[in-house]
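Asker: Per TrEMBL, coiled coil is recorded for 5-32. According to TrEMBL, the region 'Disordered' annotation covers 609-628. According to TrEMBL, the feature transmembrane segment maps to 309-333, 354-371, 457-475, 487-510, 522-545, 554-577.
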């Protein structure tokens with residue numbers, strides 16, 4: 001492949017270089033044609049110009065030369081070419097000062113800009129013709145033209161010579177156009193042929209790079225003829241690795257076969273988490289906060305649901321969620337498109353998280369229906385459960401009119417804000433079938449009600465999510481035989497969290513179940529009750545239930561006892577193990593402390609004493625040494 005690429009590079013460079021030469025020649029010829037066309041009107045001669053002394057009256061335009069100069073006679077010459085329009089004034093002044101007036105400059109601007117053959121820039125040019133006499137003056141004129149980067153072209157002496165040059169230029173220009181078109185076609189064919197295999201070559205280069213990167217991590221043996229690689233391999237794949245080494249040795253025809261040896265080690269194996277295109281994004285989110293230790297519970301499996309759902313609890317808009325869902329669905333359906341993987345960084349970020357966006361949009365549609373929020377507007381799908389007409393006194397009996405606060409025409413005209421009373425018969429006909437009743441979109445206390453509802457739902461879901469995380473930690477401690485972490489960390493955390501925030505969830509749900517629309521006026525504030533739980537004020541309210549103060553005191557005692565255990569329990573226990581329990585009058589026999597152990601080693605050492613001899617579990621990964 002390297003030889004093919006080098007050959008292709010040489011060919012492309014040669015073709016490109018020839019193309020640039022042809023293009024430069026073509027531009028120069030086009031410039032020459034403009035010079036001949038414009039200078040034709042400057043000076044017209046009927047006889048052929050020769051570098052001899054001649055009399056000036058042969059010029060048709062006698063006003064250009066002085067009569068006294070004609071009598072002297074001189075060697076007449078011309079310099080023609082193109083100059084940048086911005087340099088004409090300075091060019092003319094330089095000619096006058098250097099040549100002391102022995103030149104005549106004739107100048108005309110071109111109608112259209114031309115491309116510079118040297119730089120490739122499109123510049124506005126002007127055609128000039130310098131008439132001079134004397135060879136020394138001619139040398140000065142040419143040097144000045146070089147200083148101002150003028151494109152100088154030969155000036156024909158006669159009209160016949162001009163015509164011959166013009167015909168020759170036209171023929172050469174047509175030939176160059178033909179050659180350029182053929183060169184571009186050939187270059188396009190070469191590039192198209194190379195583009196057909198570019199993806200395959202990219203894959204080959206990546207494979208070769210990966211192979212060399214892996215070989216660079218190997219070490220040579222004492223004979224410098226074999227490579228030794230120490231790798232971690234899952235225990236279930238050891239046989240497959242051995243077969244792959246044998247197959248590679250057989251296909252490569254190596255004289256020395258590759259073999260594998262498993263070596264014992266006390267190092268902690270690395271964490272191997274298998275992912276696919278669906279779970280990869282969620283695993284990256286979890287790994288951003290830290291990669292779990294070997295054989296720990298992987299929370300990414302649960303984050304597939306919890307992460308987008310908790311986002312939807314915060315987002316909660318049916319319309320915007322549906323737009324997000326459609327955008328992610330479009331990325332999922334076109335995930336095999338090559339341009340998506342090679343797009344800009346922001347677009348590639350969206351593409352890599354397409355399944356996360358898909359679930360986030362889907363759950364946002366659900367929570368948006370629960371909140372009845374579509375582009376910040378409510379949608380009346382099933383009809384409101386509130387009846388406004390039932391609040392009018394005309395629809396009730398005289399006894400109900402005397403006992404209830406009802407509306408009449410005067411009340412409606414006087415009041416700026418009217419309140420629907422759910423205790424009035426017929427006003428509240430039942431809850432909305434799904435989500436928030438759309439009538440709340442018209443209420444003045446809409447934000448107060450919705451914010452209270454969303455806050456309570458967020459508290460409930462958040463505490464459940466945190467409790468679930470602590471429970472996963474308990475499984476990790478039990479798996480690694482660290483029961484002291486369960487007793488000194490996990491259980492105090494659960495007690496602290498449940499006695500405070502779990503009790504808050506209990507009060508929220510209890511108030512929802514016990515107090516109805518008829519008794520809502522007598523319902524105590526959860527916020528006030530929760531604050532009073534810590535302040536121990538004199539009881540000024542009836543509370544949520546009977547015996548509430550005693551229950552809260554017990555919970556606070558449990559919380560107060562959990563705090564010192566959380567802060568001091570595990571450090572004191574590890575210090576006890578580190579000192580061999582001598583500070584408590586108990587010595588640990590059979591162990592000799594030769595160095596400072598890590599926390600894991602100390603914990604394993606302590607569990608052998610606390611739990612007794614334990615049979616180690618079967619490892620899921622092994623360390624092996626491969627030679628090639």
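Backbone N, Cα and C atoms are what each Cβ position is placed from, and that goes for glycine too.
Automated prediction, rather than curation, is the source of TrEMBL annotations.
What's the neighbourhood like for these features in this structure?
Answerer: Tertiary neighbourhood of the coiled coil (5-32): same-chain residues 82, 114-118, 125, 151, 153, 165, 169, 172-173, 176-177, 179-180, 183-184, 186-187, 190-191, 194, 201, selected by CB-CB distance under 8 Å and a gap of 6+ residues from either end.
Only residues 6 or more beyond the boundaries of the transmembrane segment (354-371), in the same chain, are considered here, and those with a CB under 8 A from a CB of the stretch are 277-278, 281-282, 285, 304-305, 307-309, 311-313, 315-329, 331-332, 335, 434-436, 450, 454.
Residues 297, 299, 302, 306, 310, 313-314, 485-486, 489-490, 493-494, 497-498, 501-502, 504-505, 508-509 of the same chain, all 6+ positions outside the transmembrane segment (457-475), place their C-beta atoms under 8 angstroms from a C-beta of that stretch.
Same-chain residues lying 6 or more positions outside the transmembrane segment (487-510) and placing a CB less than 8 Å from one of its CB atoms are 456, 459-460, 463, 466-467, 470, 473-474, 477, 526, 529-530, 533, 544-545, 552, 555-556, 558-559, 562-563, 565-566, 569-570, 573.
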Asker: What is the pLDDT of the coiled coil (5-32) when averaged and given as a whole number?
Answerer: 88
